[in-house]
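Student: What follows is a single structure, and I will ask about it in a moment.
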Amino acid sequence: MKVTFEQLKAAFNRVLISRGVDSETADACAEMFARTTESGVYSHGVNRFPRFIQQLENGDIIPDAQPKRITSLGAIEQWDAQRSIGNLTAKKMMDRAIELAADHGIGLVALRNANHWMRGGSYGWQAAEKGYIGICWTNSIAVMPPWGAKECRIGTNPLIVAIPSTPITMVDMSMSMFSYGMLEVNRLAGRQLPVDGGFDDEGNLTKEPGVIEKNRRILPMGYWKGSGMSIVLDMIATLLSDGASVAEVTEDNSDEYGISQIFIAIEVDKLIDGPTRDAKLQRIMDYVTSAERADENQAIRLPGHEFTTLLAENRRNGITVDDSVWAKIQAL
């Protein structure tokens, strides 16, 4: 089915208000969920909203909490989210990293005791729109087996890198081949994954999203490489924030909350003039996209460039929402 941005935001806002969230916070949170969905990231927008409400009702998320600065070391700051709303707090932390970068050339904010930030790419994009390189990542509950294991002991720990090119170039990737949100999107659409994404009941690689969801044996991106990246990203976030690791979140908490996150902004214009920056970025993009195609019908893609097209299509034609997901939200 199709809905407008206004319908989507109103539905989110209604549910948040009914759960006791104050009107200003509810409006800002509903706006972010709707913007994420409108941009085409359904897995961490509309599809994720019922799960967000579940955690709100369980007390994992404290809607009136505000992040608190703990330590300031010039370009580096350490903050405590105090289990506040994840997407609103993440936006504030990237804004703070940008402010630090404006003064120092680079800004780093390490956040502990945080909640799920929903679409991580929103915060990299936020920096790139203002002309900064944006880098951020988060740890999570253990939802992926380390390479060579059967048990989940590492997080998908998504990493975002956004570059202020025209259009914005951005990688937004979990350390698994597919996030659990994308497994859900493909399952709801009745699609197999384009490549293997995890293991079946017999321990064989499979493209069936429902089987992978059931078994909780998701495949690390690049096999041992994604597994290793997940571990070191967790270590850095834990140390810089003085926060909880994947092990602590998984073993000590009843659900995924109290996680650790990193937000970095770099002011490129302190290092290179604007025309030179733009020319260098354009040459990279032209060089990549002018390569001979393996399939004449398949264009060579640059990461993140599809979001400009998806956003325009959703604004023109309405936002696609799965019927079953919409029914869940209407019933909340």
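Numbers here mean position along the shown chain, with the first residue as 1.
Note: Cβ is positioned from N, Cα and C throughout, glycine not excepted.
The annotation active site, proton donor is assigned in Swiss-Prot to H44 on the grounds of sequence analysis. Residues annotated as NAD(+) binding site in Swiss-Prot, with sequence analysis given as evidence: I168, T169, M170, V171, D172, M173, S174, W224, K225, G304, H305, E306.
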Student: Within 10 Å of the Cβ of H305 (NAD(+) binding site), how many other Cβ atoms are there?
Tutor: 15
Student: Give me the Cα-Cα distance between K225 (NAD(+) binding site) and H44 (active site, proton donor), rounded to a whole Å.
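Tutor: Rounded to a whole number, the Cα-Cα distance is 25 Å.
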Student: Round to the nearest Å and give the CA-to-CA distance linking H44 (active site, proton donor) with D172 (NAD(+) binding site).
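Tutor: About 12 Å separate the Cα atoms of these two residues.
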Student: Might you list, by sequence position, any residue in that chain lying six or more from S174 (NAD(+) binding site) with a Cβ less than 8 Å away from its Cβ?
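Tutor: Once residues fewer than 6 apart are set aside, S174 (NAD(+) binding site) is near T156, N157, P158, L159, M221.
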Student: Please list, in sequence order, the residues in the chain of D172 (NAD(+) binding site) that are at least six apart in sequence and whose C-beta is under 8 Å away from its C-beta.
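Tutor: Counting only residues 6 or more apart in sequence, the Cβ neighbours of D172 (NAD(+) binding site) under 8 Å are R119, G120, G121, G124, P158, I160, P303, G304.
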Student: Validating a neighbour-count step here. Other CB atoms within 10 A of the CB of I168 (NAD(+) binding site): how many?
Tutor: 21
Student: At a 10 Å cut-off from the C-beta of the residue listed as 'active site, proton donor', count the other C-beta atoms across all protein chains.
Tutor: 27
Student: Can you tell me how many other Cβ atoms are located within 10 Å of the Cβ belonging to K225 (NAD(+) binding site)?
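Tutor: Neighbour count, Cβ to Cβ under the 10 Å cut-off: 12.
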Student: Going by DSSP, is K225 (NAD(+) binding site) sitting in a helix, a strand, or coil?
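Tutor: It is helical.
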Student: So, three-state DSSP: helix, strand or coil for I168 (NAD(+) binding site)?
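Tutor: Where I168 (NAD(+) binding site) sits, the three-state DSSP reduction gives coil.
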Student: Let me know the DSSP-derived helix, strand or coil state of H44 (active site, proton donor), please.
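Tutor: Helix, per DSSP.
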